[in-house]
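Worksheet: one structure, shown below.
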Amino acid sequence: MRGGFEMSNLGLVLKQAREQKQLSLHQVENETNIRLAYLMALEDGNYDELPGRVYGIGFLRSYAKYLGLDPVPLIAELKHDWKDTVEEAPAATTEEEKDFSGPKTSNTVKLAGYGLAVAAVAGLIFLSANLPKDNPGPPEKPSLQAEKEPTKENTPLTVNASNSKQTPSPSASPESPANGDPQANRTDTTPTTATDESASKSAEAQPAASITPETPLASQAPATDGVAVTFRIVQDRCWMAVTQDDVPAYTGTLSIGETMTFTGKNKVYIHAGNAGAVEVIYNGQNLGTLGDLNKVVTKEFVRS
């Protein structure tokens, strides 16, 4: 017994295996990077001290492999023990949530029904106010008159169009004296030269405008802030536990082809069970695999 807690069968197996190897908890902590408090919690069966069920399973797997034990039956016993001690409270909370969920949904349904009723009454009032009082049947006739009126309005538009077509007719009049007078031909040549000069000036002005958008593109430069680490499984699979700035971010097993990216302001820490299967990309730079196959490796990536 340590700290008032009875040692479970799981903790007894771990403690006996550790003592047979003549290892202290501090030595195990240094080798596995598992905190001393978590190691003691596993041996004592005090699972409340662990950060969570997933992390507890990950710590147990690493601890068992380090001691040369098969982690599968130990993890099964941990899940069984943890279900009896820890998961009773969440089950009660879910039942309470179910009890409270009923009235909330019924209130929302009632409010929605009241809203629909009010909207229906308002619609009827609006329609009754807009209907004519004399005869409800004849409103169809003014609609026909309204359709005929825009046709009448369209007719003067066609007249305006005919007038617009007649306006360019005086432009044809200067052409007739141009055929009779040679001076008119001289006047025609002068505007052509002016248009050529304006076109040449506009052509010269175009390349100057095309240079302006290049300056902001040259000023753009990628800036890295903090730590960005991508872990890609290139073969087999790997169990890993990752923290960002000392905050747990992920614990689980990734298979080949799967990729996860973690970012932190100061550092990203990984505890991998199969280092040779993990390829690391640190701030855009490919560092290769984390280590050898089937090797437990812990690595910390800090802000550069």
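Cβ atoms here come from the backbone N, Cα and C positions, even for glycine.
In TrEMBL, annotation is done automatically, which means it is predicted and not curated.
Annotation source TrEMBL lists region 'Disordered' at 132-222. The compositional bias 'Polar residues' annotation in TrEMBL covers 153-167. If you look up TrEMBL, you'll see 168-178, 187-196 marked as compositional bias 'Low complexity'. Among the features that TrEMBL reports, domain 'Cytoskeleton protein RodZ-like C-terminal' is placed at 235-295.
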Using DSSP, break the domain 'Cytoskeleton protein RodZ-like C-terminal' (235-295) down into helix, strand and coil residues and give each count.
3 helix, 39 strand, 19 coil
Model confidence over the domain 'Cytoskeleton protein RodZ-like C-terminal' (235-295) (mean pLDDT, whole number):
93
